């Protein structure tokens, strides 16, 4: 019976082989389509990153121009304040000279000298007018000083939020680096987005920027070493294809990977601990700075009220 069914079995085998070939071809076509979609997605991601880099460059240029304009504006405001002070002093001197001249003139009444009742009338009027001018300028200066303190406080708050965002960004990069492959792009380093304005930098911010710079250098060295490791791995793969023992290369490579994982772990722990300590120190310094500003404001008010009197 088996010998009689050989033709049927051959037909079934041919059908199975044909079905297998069709499924294999469909699978290969699907793999090719997925590979093409992956390449297109990578290209889109690359274009997005390129546009993001261009926008970041434009943003940095705009920020630099804004800082220059703000510095020029501050210089002009300082010059305007100096000119106002000079103008006020000259005006007060001219008014006193006019008052003294008017008070020293003899009276127009025939046979009399200066009128005793109106001898210092002009001087008293000028002194009263100068007191009113000083009071108005003082109130305006106090208003501007309050606005400047509020502006500085908002700048400090923005700088603090920016530091918190940088810390969160650094943690996200470390998580992506620990979960993804070594070839995955985690974005630019934190140093690329750090604040460089010396007026907004505190001691803790400068220390954080220094640590970020060292971290960026270590990351560059790590990427170079990973490239060397990948080249060594490719050479090892060629040696395996040529007939060498795989156990001779797998053990050192495994040790290297474990060593690099330990180095990354220690580097991440060091960065997190250092950032946490610096953030605590920064919060303490900010608290002390706020208290000091309040004390300076109280002392300035006391000086303006009592010392001048």
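In case you wondered, yes, glycine gets a Cβ from its N, Cα and C as well.
Note on TrEMBL: of 201-231, 232-262, 263-293, the range annotated with the feature coiled coil is 201-231. When Cβ-Cβ distances below 8 Å are used as the criterion, the coiled coil (201-231) is approached by residues 159, 163, 166, 170, 182, 189-191, 194-195, 256, 260, 263-264, 267, 271, 274-275, 278-279, 281-282, 285-286 of the same chain, each at least six residues removed from its ends.
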